[in-house]
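Only one structure is covered here, and it is reproduced in the block below.
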Amino acid sequence: MWARNLMARALYDNVPECAEELAFRKGDILTVIEQNTGGLEGWWLCSLHGRQGIVPGNRVKLLIGPVQETPGHEQPTPGPMHQTFGQQKLYQVPNSQAASRDTIYQVPPSYQNQGIYQVPTGHGTPEQDVYQVPPSVQRNIGGTNGPLLSKKVITPVRTGHGYVYEYPSRYQKDVYDVPPSHSTQGVYDIPPSSVKGPVFSVPVGEIKPQGVYDIPPTQGVYAIPPSACRDEAGLREKEYDFPPPMKQDGKPDTRPEGVYDIPPTSTKTAGKDLHIKFPCDAPGGVEPMARRHQSFSLHHAPSQLGQSGDTQSDAYDVPRGVQFLEVPTETSEKANPEERDGVYDVPLHNPADAKGSRDVVDGINRLSFSSTGSTRSNMSTSSTSSKESSLSASPSQDKRLRLDPDTAIEKLYRLQQTLEMGVCSLMSLVTTDWRCYGYMERHINEIRTAVDKVELFLREYLHFAKGALANASCLPELVLHNKMKRELQRVEDSHQILSQTSHDLNECSWSLNILAINKPQNKCDDLDRFVMVAKTVPDDAKQLTTTISTYAETLFRADPANSHLKNGPNSIMNSSEYTHPGSQMQPLHPGDYKAQVHSKPLPPSLSKDQPPDCGSSDGSERSWMDDYDYVHLQGKEEFERQQKELLEKENIMKQSKAQLEHHQLSQFQLLEQEITKPVENDISKWKPSQSLPTTNNSVGAQDRQLLCFYYDQCETHFISLLNAIDALFSCVSSAQPPRIFVAHSKFVILSAHKLVFIGDTLTRQVAAQDIRNKVRNSSNQLCEQLKTIVMATKMAALHYPSTTALQEMVHQVTDLSRNAQLFKRSLLEMATF
């Protein structure tokens, strides 16, 4: 049965069970395309927000009867129709002859047979409102279209064992169906999105039959580049006005408008006339051209320009205070007019000073400073390759350390403790009013001494850590080397920022007039940046120290050839590799080091076939996200140890128990109990929870038993995963700070981690190759999804309270729940079908 323009309201929420089924929420208005589609009794083909799919007919209710099509000259009866759609906030497009101007919107006659007209999104710039939409509808759109149109993070709703958004499509930009192509007449007088200036009218006789918008032609309309035609004062701010293009006599300029407003290429004739030697300056970095070269502007302007001297005198509108580069005289002399891109020899873009973007650096997002394009050589860490190149082994910096494990650990802990005490000494001078003139005048010498010591102690620590990294590079397995390299990179990035800011402070001679601030300001200066980055150094150093000390037996081996090491710690204190810290720092007693080291669990002996487990470290803030890495095909004991270590890292119940509310504390305790449930692998004690039908004779009895056994395991841990996701979405919806939702995300990671481990274990035990491949692929997909979630969570914490970053984290976690459900279903299907 076919019907046109049939509308239905959703009576219940609908969770799709297949790809063809349409997801909707209670109260949604659907367009019914076909009832009992394809011979399926009770299933209707409907459309919602541009998506088509089948829906169960008993979950929707028809609003009106079918609307019969009428010829173009007939006039439909709009009365009841308008009343019904007015209640649903939809727009019924009437015939052009029967439109009521009081209650409906005027739509061109070409839409008279299109039925329900749903307003598309704007085609122009975001500032332009192409269609006038009532305020109530605009609020509805903003509240239901997700984070792109509202500032609130949209979290999906749990229905059964899955999650459904209020609107199913992610990042859905087109809320309404876009109407079909327009008729032959122009409808809207709106310029395209690239034209940001005023609309230029075109004579009526030049309108093309197929044109929809009144757009000026590309040739012969503008006397100057289009971007220079912006009359509004707001659009002219911080833009550059270039002189008009040069044309040959009788030939129009056909060069299209480019990305930058630069004069078009000159012709040979005009180029020869303009071959005048003068220093050319970078746009955006010079004084006004006419002020410096008025003689050229007034007396040497060619006739082809067709402009007066007054026009030329204000050719450039340049912001002040920016340095510039001048092209050498030889360059302009040797350059031929044919080889130039334009009238003026414009040098390459001079990178802006990095201090403007350094203002946003704080203690968490401290690495953004190293990628701001600074022109200073010692801060050129703007790419991953340059960062990694700084860690490349060189004979002078990263030479191997020939130390025995006890001596290396003793030296490492001494350097770490010295560094922590230096940072604590600096932090003790930072108070609420420490930047006021009176405080700075009394303590500026102490602050300067503390800053110098922090930089010195961090440099000494880095020297030792790079040597340990060089030792790790010689191991047969590079897993430990890669882990140490990531941890060392964070410390080295901090050292680069501290070195640069300390250098800048010394450049200004620690002037009180510069450093003393009597009133609060939004920008961060060099001293603020130094303090904020220095706060993060002890945690990063502690994480690296723990990794090195845990694997000291692997990294360090005594070298009998080095006689200066035979005498133990006393000789290493006098060796050239050790730099004595300040005498005021008192390190721990060597016995304390050994006691502290032996109190930590050491890993079993490593072999070539067993890579070191890199998940064990005490960690610093966010360290569990930075260090998260799943090692495939690991044993049950290693997996459980890794789970326990990840759970203990930044345990919020131990760190901030007094700051948590009662319901938060109980929620964390409940989740921790679920997470600690082990993954069973003893199938002899297992009893099937239900008898599963078997129709697949190709699967062996043993493989089927394994699939059913681990399916029950998946069912248990999948419920724990859903509970962890519910808790995460709840704290995101209530706008909890990063320390709360990061802690919740760890429970999500650990729960899904168990599903990956189940897949790896099953891969090793099943005999059928096709089943092994399917399980491995599903497990690998889950593992990659976990890494994506870790990165998304880290970005959400770094950019908090960015709605976009939080929404991306929510989307990734939602995808994880779907992939986990598919993984669980695949085990059941392989066992029963």
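Just so you know, glycine gets a Cβ as well, placed from its N, Cα and C.
In summary, of the candidate residues Ser295, Ser396, Ser575, the record from Swiss-Prot lists phosphoserine for Ser295, whereas the others have no such entry there. Recorded residues Ser779 (phosphoserine) and Thr803 (phosphothreonine) have their alpha carbons 31 Å apart, per Cα-Cα distance. In the region 'Divergent helix-loop-helix motif' (709-759), the DSSP tally of helix, strand and coil residues is 47 helix, 0 strand, 4 coil. Least packed by the Cβ count within 10 Å, out of the modified residues Ser779, Thr803, is Thr803. Taken together, the residues in the region 'Interacts with CTTN' (350-833) have a mean pLDDT of 71 on the 0 to 100 scale.
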